[in-house]
């Protein structure tokens, strides 16, 4: 029976299908498996990958052959600028909702931005600058409707952790600031490149377990660092590990008159309690969602007024002091591309880029799913990349999607990214008109605002779920947590990545192999351990390899496991197997070492009088087995399914008995 040429694209009719069903035999189907068309070569696969990277879905760009050039350009512009899509249906009702959400967002953003700038060891205005340009750029390029863009705690901690190893911010704050802008510039380049070349899978190397552990450890480290502002400590360590931070705190208690001041602690803890109580009320009563959002700004206003009226700054209360008025100055000249520390800057930028992308995309996707739409991760990477590039040139440090502010934005009923625009405009007005009012703002209140945002970063419930589901994932989670807590942020991330990769390697080197049996009353063959009712076929051992690749790393392991199965069957008195059927349905590819191990297995079985057959090999696998002449050694024992392979073995057994 002839098989149609693979290049023949003529449609198959129902009568053709029924004819094939009636006339095809097991031998015919075995020939179809053993003699497929030649699979695509490596060059074709590479070209296809490049096309997928640059043009992920050409049908969306060019859905009809007769499309005019204007229509094609319009679709391209809509793909690049999502604002052109949702802007068509924008109306006054949505604008009202966005204004309310944006103003609510700004009330939370302004005090948080000042606090996060302090955490990043930058002057307060840089946190406010970061809440202007990046949100405006994202509103044009971003596809998420709810995500709130600006400085966040994790990035604000990451930057000084890595950059102060190059430049001490206390010794030369201007040089340190320039290195922060440079890091942000390269982080934006990395993020945009990930999106443009569809390399989003690189971000996935930071697994969910690693993120949970990293966030938890980072939250505790950030909280401990806020003890400097909460206690009014003048001299504090630049290290982030818990031991160094606690040593600095305990050392301050020996110099009560010189460093530690109880007034800072009283102000900070009082307003921290107020903010946390409003959060609890906001969770309990959904209608007052605005209460926890307004609490930080109210705390700043009240504490500033309190310090001003009582002149507490003259009695040891540390204050923000002068915040320069005006909008973002251009910082192009501050980008240090030719710095001798460029390798360290690039390393820091890559880590910051990946962490920022991971947080933003996770927040964006979770909120989008609640409203029933999807966001393109690669488009988000491009948007985040260009917004940070623009930010680095306008005196901003790395911005991303904030978990806490995005939740507020969502609860406030935002409709589109216009809420980010409203927030940015509100911050601009504040920078132009109200910065003088921040002079007496106590540092302790900024510390309490940051501390109030940290509980949401410690997800104990998710960590427990990881423990229940996958112990190796939980090990990666613990590695990230304790690595960040006791060593450093970079080491914690690196340790979790090493464990995650080690997990992949272990699974690849030692893939599972299972013995199959037939489920009674069906033609299905399944793992006999998962389905104890599955029946063994006398004289036939059926083994399935649970791996997508049989290669140099695991080929000998698989071969040894199969030989051990045969020996254990003989030792247990279940009878000597006369046939071995290997189910290759899970195997996507094979290399020369894998083929060599199959040949060795075949030769070992042949010396014991056991015949070998393979079932359901994939396209690439059967092609390589055929080119290597291994199919010829099997003497036609290549089958479409395990059932046909078993039937053929039983027929051969019966024929030999006769």
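Glycine too: its Cβ is placed from the backbone N, Cα and C atoms.
Where the annotation comes from TrEMBL, it is an automatic prediction and has not been curated.
Going by TrEMBL, these are the annotated features:
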COMPBIAS  12-26  compositional bias 'Low complexity'
DOMAIN    547-649  domain 'STAS'
REGION    1-31  region 'Disordered'
TRANSMEM  137-159  transmembrane segment
TRANSMEM  179-199  transmembrane segment
TRANSMEM  205-224  transmembrane segment
TRANSMEM  262-281  transmembrane segment
TRANSMEM  288-309  transmembrane segment
TRANSMEM  345-364  transmembrane segment
TRANSMEM  437-458  transmembrane segment
TRANSMEM  478-502  transmembrane segment
Averaged pLDDT score, the domain 'STAS' (547-649): 88
Long-range Cβ neighbours of the transmembrane segment (345-364) (under 8 Å; 6 or more residues past either end): 143-144, 146-147, 152, 154-155, 158-159, 162-163, 166, 179, 182-191, 194, 202-203, 206, 211, 214, 336, 339, 375, 377, 380-381, 384-385, 388, 398-403, 406, 490, 493
Closest-packing stretch to the transmembrane segment (205-224), where packing means Cβ pairs under 8 Å, from 179-199, 262-281, 288-309, 437-458, 478-502: 478-502
Contact set, same chain, for the transmembrane segment (179-199): CB under 8 Å, 6 or more residues outside the stretch: 52-54, 56, 120, 122, 159, 162-163, 166-167, 331, 334-337, 339, 341, 345-346, 348-350, 352-354, 356-357, 377-393, 395-398
Dominant neighbour of the transmembrane segment (288-309) in 137-159, 437-458, 478-502, by Cβ pairs under 8 Å: 437-458
Cβ contacts under 8 Å made by the transmembrane segment (478-502) with residues that lie 6+ beyond its boundaries: 157-158, 161-162, 205-207, 209-214, 216-218, 220-221, 240-243, 351, 355, 472
